[in-house]
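Asks: This is the structure, below, for whatever I ask next.
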Amino acid sequence: MSTPEIHDVLAEVMSVKRCRGGVYRAELVAPEIAAVAKPFQFVNIKVSPGNDPFLRRPFSLSRIEPDEGIIEITWAVVGKGTGIMATWEPGREVKILGPLGNGFSLEDKGLTGGFIAPLGGKAPELILVAGGTGLAPMYPLVMSARKSGFTVSLFYGGRSLESLMDTDRFEQSGCEVHISTEDGSAGFRGVVTGLFESRLRNLSASDIVVACGPRPMLQRLKSMCGQRNIRLYVSLEERMACGVGLCKGCAVKTSGNDPGYRHVCTDGPVFLADTVELGGE
Amino acid sequence: MSTPEIHDVLAEVMSVKRCRGGVYRAELVAPEIAAVAKPFQFVNIKVSPGNDPFLRRPFSLSRIEPDEGIIEITWAVVGKGTGIMATWEPGREVKILGPLGNGFSLEDKGLTGGFIAPLGGKAPELILVAGGTGLAPMYPLVMSARKSGFTVSLFYGGRSLESLMDTDRFEQSGCEVHISTEDGSAGFRGVVTGLFESRLRNLSASDIVVACGPRPMLQRLKSMCGQRNIRLYVSLEERMACGVGLCKGCAVKTSGNDPGYRHVCTDGPVFLADTVELGGE
Amino acid sequence: MDLSVNLAGLTLKNPVIAASGVFGYGEEYVKVGDIRWFGAVSVKGTTLNPRAGNPPPRTCETPAGMLNSIGLENPGAKVVIEEKLPWLAQFGVPVIVNISGESYEEFRTLGSMFSESPLVSALEVNVSCPNVRAGGMAFGVDPRSCYRATYAVRRAWHGPLIVKLTPNVQDISSVARAAVEGGADAISLINTLVGLAIDIKKRKPVLGSVTGGLSGPAIKPVALRCVYEVSQAVPVPVIGMGGILDYRDALEFIMAGATAVAVGTAVLVNPSVPRSIVEGLIKYGQEEGVERISDLVGVAWR
Amino acid sequence: MDLSVNLAGLTLKNPVIAASGVFGYGEEYVKVGDIRWFGAVSVKGTTLNPRAGNPPPRTCETPAGMLNSIGLENPGAKVVIEEKLPWLAQFGVPVIVNISGESYEEFRTLGSMFSESPLVSALEVNVSCPNVRAGGMAFGVDPRSCYRATYAVRRAWHGPLIVKLTPNVQDISSVARAAVEGGADAISLINTLVGLAIDIKKRKPVLGSVTGGLSGPAIKPVALRCVYEVSQAVPVPVIGMGGILDYRDALEFIMAGATAVAVGTAVLVNPSVPRSIVEGLIKYGQEEGVERISDLVGVAWR
Ligand SMILES: Cc1cc2nc3c(=O)[nH]c(=O)nc-3n(C[C@H](O)[C@H](O)[C@H](O)COP(=O)(O)OP(=O)(O)OC[C@H]3O[C@@H](n4cnc5c(N)ncnc54)[C@H](O)[C@@H]3O)c2cc1C
Ligand SMILES: Cc1cc2nc3c(=O)[nH]c(=O)nc-3n(C[C@H](O)[C@H](O)[C@H](O)COP(=O)(O)OP(=O)(O)OC[C@H]3O[C@@H](n4cnc5c(N)ncnc54)[C@H](O)[C@@H]3O)c2cc1C
Ligand SMILES: Cc1cc2nc3c(=O)[nH]c(=O)nc-3n(C[C@H](O)[C@H](O)[C@H](O)COP(=O)(O)O)c2cc1C
Ligand SMILES: Cc1cc2nc3c(=O)[nH]c(=O)nc-3n(C[C@H](O)[C@H](O)[C@H](O)COP(=O)(O)O)c2cc1C
Ligand code: FES
Ligand code: FES
């Protein structure tokens, strides 16, 4: 595990907007964090001064602009903290701690080496599967994967067209985008794992699937990919207090006979699916 | 005791400004409260949504404009709640409960009757003695006392010129204003009770003194007026939770042999000085 | 959703009760809210003789809560029976009289005095007040004395009997069981936690009587734990309270095992809180398809 | 102002200690803060054998606080002695090892194991963890068992001995006196209050292990009351903790009788909190003309 540089900065909110899918997006001025952050890293935010809410809230980086010194986060309003964030106005300053977690970079995992010069005719593929706000952390990975020569496709699903976030930036980066909605209002009618199933057949052992979304979706993917021996990485969420490894609160059970736990904030948030238990209690 | 009409309204902040003496002043749109409020009544304000701060905060009405449907409050920043209030911006909505307390009106106390047509040559006098933010509730009383034919003078003191609030509105209402500062930077050098002492000699039994300020100031006045049999009313503050008589939290000890307590929010905030104990524990 | 609940033989139209001590005897409340939104009201802790209460300051804000050391300021049982209850009866809301004795004998006397009044729907035996020297919490920290205080009232009072417990103990379930053995028809919990605040300017405790009782959202997790435990330990209904501000908090208590809930400190901050909770519960029932609020009691452990 | 304090023979350069459980063994902390701002650090509760901890979810926010049910996840005493302490020693900050045993025997073994290490400045006997089944809080709720657990360590360990108490009792002073009789040189308090939260969507307790320990500002009044009481009841110094966020909170504890203070939950929200407290205390000392922080210990009751 590398030792990330973690900064606790008072960042200015540069912009906040409500986007498609009912999510909010904010750009924050945080050069120290933008300079070193990797895909799938996150920040822990003190949403407002005072004790209500009391703990910080973790959010993935949905865009990283090291040159401009800006990071972006994208969130759905699900409770008190995210509700307050929706009322942020430009100029406000918020305390953010980051970048946190190991993130996920193809280089770190030693995955790019063999693929840049593909053996056969087919370029190695990176398949992203996202449900709901699970799309947020995907974009920085697309950026870096394209640089490493991967073909990238995204499978993204939600309840309905309105619940889906905008995917333009993915398309503009040369990523093939496949959409599913449960009500059929856009793309494939059904859940995203159903849509992904057709593609799964054509994947080979050198390809990689990275998924982020609700636990049941991740569970299903784990069994699908497991059956076909496809390498699956899952990004996990757990209730967090510190986000940096101090409290041991964000435990996730390791799979197999090992009775232990790993921690989302220091060992994750991305895990090789085989190494963790995703089963609902 | 009359039954006041109490309203819990969501009032819009119309203006907030920082004034001389380092105090803040806000105008709130609250027609229901403005319509019925009397001098020395107060409101209990939920300074911000959420639990921090948790309880409401009590503030006297420093101006009442029934025709415009506006009330004004004036405060010093002394802690968390008043600090947040200083960041209020126009357009914000705050929950305010009021008007609270009995207030102080010369009519209610049966004080005006004999004075409107003075017996001798001298008009009855109302003397106001204020220390610090104790000046805030005085202005509405000046307005109503002038209507009732009283001669009104104000004795107002603070540490220094900078610590003093603006008294223009008092002068404009035909109130004689006497200032003291401890450092001599304006008016009489010394404490306000010292300044008031010279006037005390000329007061007669038909005159009334109303005081608001720190306890030690009120204590001193009580003994000064007591010696000369001058009727003194004091406006008291106590830590409050409800502000309406539910919790019995705002107790003040009654003087004499009676071992009981009275409550600032329902029996006050103004008390005849003789009836309450002001002594520090 | 049917909001009515049955509490020790008493039917409440909704499960939201005014907690003792934040409602007085209703006279002040009517100026700021409508009593009829409450399923029942518990009046201020009442003693045999009138009490003036404790020296000020009596309250102090704390993070997400407050300390109080009111000290059972009340006009005494006689005045309550002769003046307060007849007035309060006009609203048609069941009245629970919260009583506090300094001895078993006093508890029995209070029980028989209130037996004479037809206006009392239930008695709530307060063995948990941290703010008085004699009696108060002392009876509630030990199963034996809790049993005896309950039994003293039980002998004199034949209506619904609620015993209100303190969380300032190491095993609240054993105290609850003792109350049931002593004749309690319901258990209400929690009363306040003993706390203190220091005024760093004066370098002294803030409260005139040094310690006080901690209430409000801060104590909600402790209260929920007590309800979760006690509702599984005793066969009688539990009234849950401690930090309830909205219908979601109320649902937490009900799911943890409370048959009814009480709102204390919230009333001081927001007098119309019973209405907003009742309306919130109704909306929740519609959205989630819950027919009877009582179907949710204890679902978290059932 | 002279911030140094003497704690059971140990001199700390300032009175701000990292509370056990929010600092691990320092490895994560160094990435977000400078250990040297602490007067001392108390490491994660350490057991004889490694512990994996409790099932998730392990934390949950509550009003002005949080619940945790970590369950003493730690690598065991051997790894701590061989790997963690030697690394931590480089910072020159006194290290307090917080130990938790499942039996008196285990407490004694832990005492003698840590006696072998020259890197331990003090032992803190944790008889107050609400999150483990065996041992944990059980030893701290009863004066006799607290005495025995303390004495078990005392026989094996001759350095400064701190006993950490739980507030989940009805009379914390008698437990504190028992610890002193058992050989404690200092008392630290408070550990967390037992609490619970319900997930109203799932209709189940939030935490994987149902109940958890409540910490943070919410519990500050309870902690202050315990410090105020215990510091008057025992002749040894008290380390106060529970909800301290800033230097004002620290002053409240010191005035209430704490010789030193510890910060727990605050570190999770704001890792650089020790620095801001130390700087705040220095500024306060200048403004108020206080020469030694130790002059303020217990002024609220002295
Ligand atoms: C590493 C990580 C990265 C994340 N990235 C994003 C992101 O990019 N965009 C986004 O919208 N959300 C993200 N989340 C989830 C986000 O942190 C929670 O939605 C947020 O903390 C909820 O705060 P709240 O105050 O609005 O909700 P609360 O009022 O605290 O709770 C509302 C609901 O959210 C659930 N919840 C609370 N905290 C968490 C948590 N830490 N993890 C999961 N569920 C929780 C509760 O169970 C509850 O049902 C991430 C979480 C983690 C752990
Ligand atoms: C009837 C009444 C009328 C008032 N009118 C005014 C007014 O017109 N203008 C004005 O500036 N202030 C007024 N006050 C005082 C004002 O309510 C307090 O200054 C305010 O509540 C402090 O809030 P805070 O959150 O800023 O302070 P906190 O952080 O809560 O406390 C800061 C300091 O203020 C003290 N304090 C807290 N609450 C009270 C209280 N209720 N009474 C007295 N001291 C308190 C505390 O001891 C502490 O030292 C009035 C108080 C009462 C009871
Ligand atoms: C100001 C105040 C006065 C109280 N007085 C009483 C009382 O007289 N009798 C009693 O049994 N409980 C009394 N309580 C305790 C409450 O009834 C309730 O048990 C406790 O406050 C927890 O609920 P809450 O957090 O909703 O306030 C009082 C509480 C407060 C805040
Ligand atoms: C996540 C977490 C883990 C904790 N682990 C321990 C522990 O291992 N041993 C211990 O004695 N106390 C433990 N505690 C209790 C704290 O040391 C402290 O006593 C308590 O949290 C109150 O202080 P606070 O409000 O500042 O957090 C833990 C607290 C938290 C929040
Ligand atoms: S959130 Fe604290 S260890 Fe992960
Ligand atoms: S503040 Fe509640 S009775 Fe006066």
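Note: Cβ is positioned from N, Cα and C throughout, glycine not excepted.
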Asks: Among B:C225, B:C265, which residue does TrEMBL name as a further [2Fe-2S] cluster binder in the site formed by B:C242, B:C247, B:C250?
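Replies: Looking at B:C225, B:C265, the one TrEMBL places in the [2Fe-2S] cluster site next to B:C242, B:C247, B:C250 is B:C265.
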Asks: Taking each of the binding-site residues B:S60, B:T82 in turn and counting other Cβ atoms within 10 Å of its Cβ, which one has the fewest?
Replies: B:T82
Asks: What is the interatomic distance between the Cα atoms of B:G81 (FAD binding site) and B:C242 ([2Fe-2S] cluster binding site), given in whole Å?
Replies: 16
Asks: Could you tell me the C-alpha distance between B:R57 (FAD binding site) and B:C247 ([2Fe-2S] cluster binding site) in angstrom, no decimals?
Replies: 15
Asks: Can you go through the binding-site residues B:G81, B:C242, B:C247, B:C265 and pick out those with a C-beta less than 6 angstroms from ligand 2?
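Replies: Listed by sequence, the hits are B:G81.
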Asks: For each of B:P58, B:G81, count the other CB atoms within 10 A of its CB; which of these binding-site residues has the top count?
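Replies: In terms of Cβ crowding, the pick is B:P58.
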Asks: Rounded to an integer, what is the Cα-Cα distance in Å between B:S60 (FAD binding site) and B:C265 ([2Fe-2S] cluster binding site)?
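Replies: The separation of the Cα atoms works out to 11 Å.
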Asks: Just to verify a number: CA distance, B:C265 ([2Fe-2S] cluster binding site) to B:P58 (FAD binding site), in angstrom, no decimals.
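Replies: Distance (Cα to Cα, whole Å): 10 Å.
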Asks: Is any of B:R57, B:F59, B:S60, B:C247 (binding-site residues) within Cβ reach of ligand 3, i.e. under 6 A, and which?
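Replies: B:C247, by Cβ distance under 6 Å.
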Asks: Between B:T82 (FAD binding site) and B:C242 ([2Fe-2S] cluster binding site), what is the CA-CA distance rounded to a whole number of Å?
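Replies: Distance between the two Cα atoms comes out at 17 Å.
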Asks: Which one is it: of the binding-site residues B:C242, B:C247, B:C250, B:C265, which Cβ has the fewest other Cβ atoms within 10 Å in this structure?
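Replies: Among the binding-site residues B:C242, B:C247, B:C250, B:C265, the lowest count of other Cβ atoms within 10 Å belongs to B:C265.
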